[in-house]
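**Q** OK, Swiss-Prot features for this one:
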- 268, 273, 291, 352: Mn(2+) 2 binding site (BINDING)
- 273, 350, 352: Mn(2+) 1 binding site (BINDING)
- 280: active site (ACT_SITE)
- 354: active site (ACT_SITE)
């Protein structure tokens with residue numbers, strides 16, 4: 001799909017389709033009014049007859065409108081003008097693109113980017129439109145033998161901006177959006193891959209592909225032998241029950257061209273989580289292939305980063321592992337020695353993500369990082385607390401937390417900060433080891449982050465719990481690509497190349 005921007009009046013557009021908005025109740029947007037005037041009231045006459053009310057998401061496709069150069073006009077319901085918000089805007093764009101894809105139009109000029117969305121500028125509207133369009137067109141069908149195809153797939157969409165002065169802003173928005181969308185697609189493709197294909201070795205292969213494709217990237221793989229030498233007893237214990245070797249992929253992006261401190265992203269990469277000896281219930285266990293969503297998100301963010309060619313140093317860590325039951329698996333009651341030297345009593349082998357992450361978080365101390373952000377499908381408690389809309393954010397460093405919250409608002413990939421008070425640390429106490437890997441039934445998301453915080457004393461750190469946001473269940477099951485957009489926005493902001501609100 002090709003995207004671009006232009007600045008022009010609707011009556012001069014010669015296209016397969018021109019897209020304009022209609023508000024509720026039957027109120028034409030400014031662009032639609034111009035088309036109505038040229039067509040001598042053709043559009044407003046249809047609205048008076050009740051063909052379109054203007055409710056959000058309604059679509060009406062018109063052919064051969066009098067005096068209009070374009071073959072088709074697509075009227076898009078945008079709801080009440082004053083109530084159009086970010087969520088509605090994205091939904092409208094997604095439905096518009098899907099509708100266009102079914103009409104047989106191979107290209108279209110879209111004026112929805114001129115709609116007023118409260119508090120948002122043209123950069124945001126164009127970027128969100130491109131990201132939403134790419135998201136709506138995504139399908140994971142690489143393993144299907146029969147693939148559905150649109151009769152004449154949409155190939156090009158042009159978003160209109162109000163003035164020529166805004167063209168450079170719109171062009172930058174398209175450029176940023178395409179890079180981010182590419183990262184999101186990478187994240188989705190890897191996360192959606194079945195666990196018999198996507199194991200830790202597969203994750204490592206994907207990390208190596210980035211090195212092969214981009215000059216500023218180098219990738220190294222830490223195998224179990226090296227983990228043993230490093231004393232990563234916690235990480236190794238989790239993978240002990242699987243025939244698939246645990247592998248940690250280190251992706252280094254040297255964008256600054258100097259020795260400035262890197263930002264480090266650490267992704268939990270449990271390519272399948274059966275729960276181990278503390279076996280999960282059978283219902284929905286197929287979705288535990290998504291327990292590597294953190295690693296997929298970091299890989300996607302690194303892909304977007306290299307596409308954007310940002311002038312900063314970033315390291316992505318994919319902590320690949322598989323948690324399986326076997327005679328060699330670790331057990332409840334085991335006491336593990338982590339890379340940091342701290343000991344952990346295992347109360348439940350299904351609280352394994354933190355055991356992998358704690359050693360990865362200790363490992364990254366060697367990079368003398370500017371900041372470390374770990375990303376993990378860590379706790380079911382986060383799904384209970386925040387549902388599928390907000391990623392859980394916990395941090396021991398207020399400025400970093402505020403940066404991430406700002407990036408989440410800018411990108412529309414929302415997060416919500418939860419407390420990380422010392423009061424919760426007591427729930428991890430153990431009579432036999434330094435602490436346990438489980439904090440009890442209460443405040444599960446917070447106690448999991450409290451556990452991780454004990455391994456992050458040497459740098460500024462934040463934790464993103466994406467258990468509720470990494471994938472969708474049900475009929476439309478699949479990876480969402482989150483939090484690639486938020487992470488990339490954070491990196492854009494850090495590089496000084498952000499644009500927009």
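Along the chain as shown, the residues are counted starting at 1.
In case you wondered, yes, glycine gets a Cβ from its N, Cα and C as well.
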**Q** Using the Cβ centroid of 268, 273, 291, 352 as the reference point for the Mn(2+) 2 site, which residues of the same chain not in that list have Cβ within 8 Å?
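**A** So the extra residues in range turn out to be 238, 270, 288, 292, 321, 323, 353, 356, 376, 377.
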**Q** Within 10 Å of the Cβ of residue 280 (active site), how many other Cβ atoms can be counted across all chains shown?
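**A** For residue 280 (active site), the count of other Cβ atoms within 10 Å is 14.
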**Q** Cα-Cα, whole number of Å: residue 280 (active site) versus residue 291 (Mn(2+) 2 binding site)?
**A** 13
**Q** Using a 10 Å cut-off between Cα atoms, which of these binding-site residues sit near residue 350 (Mn(2+) 1 binding site): 268, 273, 291?
**A** 273
**Q** List nothing but the one residue from 291, 350, 352 whose Cβ has the fewest other Cβ atoms within 10 Å; the candidates are the binding-site residues.
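**A** Each of the binding-site residues 291, 350, 352 was scored by Cβ atoms within 10 Å; lowest is 350.
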**Q** Setting 273, 350, 352 aside, what same-chain residues sit with their Cβ within 8 Å of the center of the Cβ atoms that define the Mn(2+) 1 site, listed in sequence order?
**A** 238, 270, 274, 275, 276, 278, 280, 291, 323, 349, 351, 353
**Q** Any same-chain residues 6+ apart from residue 273 (Mn(2+) 2 binding site) with CB under 8 Å of its CB? Would you list them in sequence order, or say none?
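**A** 280, 288, 291, 322, 323, 350, 352, 353 - these are the non-local Cβ neighbours of residue 273 (Mn(2+) 2 binding site), listed in sequence order.
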**Q** Three-state secondary structure of residue 354 (active site) from DSSP?
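**A** In three-state terms, residue 354 (active site) counts as helix.
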**Q** Taking just the CA atoms, what is the gap between residue 268 (Mn(2+) 2 binding site) and residue 354 (active site) in Å?
**A** 8
**Q** Which Cβ among the recorded positions (268, 354) has the fewest C-beta neighbours inside 10 Å?
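**A** Ranked by other Cβ atoms within 10 Å, the recorded positions 268, 354 bottom out at 354.
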